[in-house]
Amino acid sequence: MSDIAGTKPALRWVVHASVLFLVVLWVVPTLGLLISSFRTADQISSSGWWRSLFPSEQNLTLRSAAPETQVLQNGMYVIEGKLFDENQKATISRWGISSRDVTAFVPDEVAELRRGGTITVSADGDYRMENAEEFTGKRGVRIFVTAELPSEFTFDNYHKVLLDQSSTDSMGKAFFNTLTVTIPATIIPILVAAFAAYALAWMDFPGRALLIAAVVGLLVVPLQLALIPLLKFHLSIGIGKGYLGVWLAHTGFGMPLAIYLLRNYMAGLPRDLIENARVDGATEFQIFTKLILPLSFPALASFAIFQFLWTWNDLLVAKVFLIDATGQTTVMTNRIVELLGTRGGNWEILATAAFVSIFVPLVVFFAMQKYLVRGLLAGSVK
Amino acid sequence: MTPALQGLLTIVIGVSGCVGYFYFSNQFLDKVLFPPRGPNAGRNINRANVIRPWLFLFPALAALGLYLAYPVVETMRLSLTERVPGGGYKWVGLDNYIQMAAEPKFWEAMRNNMFWLIVVPAMSTAFGLLVAQLTDRIRWGNFAKSLIFMPMAISFVGASVIWKLVYDARPAEQDQIGILNALYIFFGGTDPQTWLTIPFWNSFFLMIVLVWIQTGFAMVILSAALRGIPEETIEAAILDGANPFQIFFKIKVPQIKTTILVVWTTITITVLKVFDIVFAMTNGQWETQVLANYMYDKLFRANDWGVGSASAMIIMLLVAPILVWNVRNARKEME
């Protein structure tokens, strides 16, 4: 049934165009940061990232080689060189030798130098200075060029942010810290919640409905309320700030969603299956481990992705329960906030650091989107 | 011990601890406490079955109780007390709330939060519904949805960096590197704007970040709901000569009203807890304070647990109606 598209071609085009527009709107911000992370600091601050996708015309101030490199050729003093690196494929359109008129000459034109001699610059950046007398002075002459430069990208930022141990911008350690927080905080709540979910779905006992209602209620309790009481509790039992504390906290905070998702899924499993197993003499423990757990895999995967994304992306819980004054246990989100404070203008570091932290969740997201969607559909309270 | 090793050890201990607990407690129940043998076999089986659910539930209930239920009560208590120098607490009644109500920053946070509560759920749901409807019938719809859904995977902090680049401003004579200012100049603006420091409107620029993240969520849920609408109702409408807009607003939307409400309330909860975005982008400066960040300021910068807890209770209070509504719906569904 094609109610909107199909019958009216004009409307169909509007639909396609609007979707395209929305998609572009949604993707562009991320794309900007991704592209910026492959540009040098100079490139980022001199032109918008969208320009880097195409060869761009830029005004550059360059300098010829110093007079000490001059050689005597056929009675003329000559300085020769290249304005660009071998691998830089720039094309010069105009050039000049005075800051007042930077576009005075076209390539291969000959210009008179103010201090005697001539200079000519070709389109590919080769230049040649000639003088009957010796060139003097310490520095070469300034050459202003208007050139079309191809887009250029570099992995240097990633190298610096990930591998440079001495660098204060290093994210390597924070990356492993985040991983250390995330994995136990994802696995342990699943196991604990699965047993409880089974009891709530398939065992009969007084107060069951009340407990389910309580879980639904706790689902929306803001974790902000838990910060001080739990920090006090952790300090009083000697856990203090550290990994154990943050694992426990994430386990607790993830529990309502875990129980809710898993219970809903398990309650939907066919009754006959479980009854038959009971009749055949299987114990509840056997039914759970041999039957329910394998069958509940989709729900387990859904929750695992939620919990993984949530713990990986978390800032607040880590700040309160993990990161102490030494800063040894900092996680990536916290590092990025620190960088925003101290390196607010250094977009090459910021963009790269942010992308290092975004990369893993994005991979998980695209690889397991199916389970994420399924979990969302099951998890939103109906 | 390196944290990585500690983490691995925790996984092993945690997992084997859980498995061990469940296995051995069940064994204990069946073999030692109430063995299904001897003269009382029948009674023992029944007794074991009364206790077993609680064995399964115990660790989860302990975690829920300690990490979510107890803190609500404790925060309430803390909000009515004050720390006295040298340790201990003093009962101060509603003093913390009165002190908080006298602070302009608190009212600024309240005002901003109200805007957040209106704008973000409304825009996310509207965009989500729009995308869900538009992508429903086109061939590359799933691809488009996947891209709009993507920000869900990005942390609030990462999103903050992404959008800070969008909002970046350079002096007028330089090339703009923030795309918003570049567009603003392109369409005739003269002075580049520092978007995040314009009072009142800057809050909306922060809200856009959350709308950008939450739209994907709304879209996924609403898209499923749209597909669940019985075809006959739409066919009947077409036969009656309804145009596409009438079909959408008069036939489809009324049928997914409940789902829209669910999406709306879920995003509302997220909004109330929003902390990272404000913390990372403006830290509440330039009149962008929100409750969650205000609370963080009080708790961990001013070290004022009393007022901090009081503001946490305000968040709880705002969540409470949704909590009650959810619980009621869940109970209705189970009956």
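Keep in mind that glycine also has a Cβ here, set from the backbone N, Cα and C atoms.
Unlike curated records, TrEMBL annotations are generated automatically.
Under the heading domain 'ABC transmembrane type-1', TrEMBL lists A:175-368.
As annotated by TrEMBL, transmembrane segment applies to A:13-35 (among others).
The transmembrane segment annotation in TrEMBL covers A:175-203 (among others). Residues of the same chain lying 6 or more positions beyond the ends of the transmembrane segment (A:175-203) and with a Cβ under 8 Å from any Cβ of it are 162, 211-212, 215, 243, 246-247, 250-251, 254-255, 258-259, 261-263, 265-267, 269, 274, 284, 288, 292-293, 296, 300, 303-304, 307-308, 311-312, 318, 322, 329-333, 356-357.
The transmembrane segment annotation in TrEMBL covers A:209-231 (among others).
Per TrEMBL, the feature transmembrane segment maps to A:243-262 (among others). Counting only same-chain residues 6+ beyond the ends of the transmembrane segment (A:243-262), those with a CB under 8 A from a CB of the stretch are 180-181, 184-185, 188-190, 192-194, 196-198, 200, 215-216, 218-219, 221, 223, 226, 230, 234, 296, 299-300, 302-303, 306-307, 310-311, 314, 317-318, 320-322, 329, 375, 378-379, 381.
Summarising the annotation, TrEMBL assigns transmembrane segment to A:291-309 (among others). Taking Cβ pairs closer than 8 Å, the transmembrane segment (A:291-309) reaches residues 182, 185-187, 189-190, 193-194, 198, 202, 250, 254, 257-258, 261-262, 264-266, 269, 273-274, 277, 282, 361, 364-365, 368, 371-372, 374-375, 378-379 in its own chain, all 6 or more past its ends.
Annotation comment: TrEMBL describes A:349-368 (among others) as transmembrane segment.
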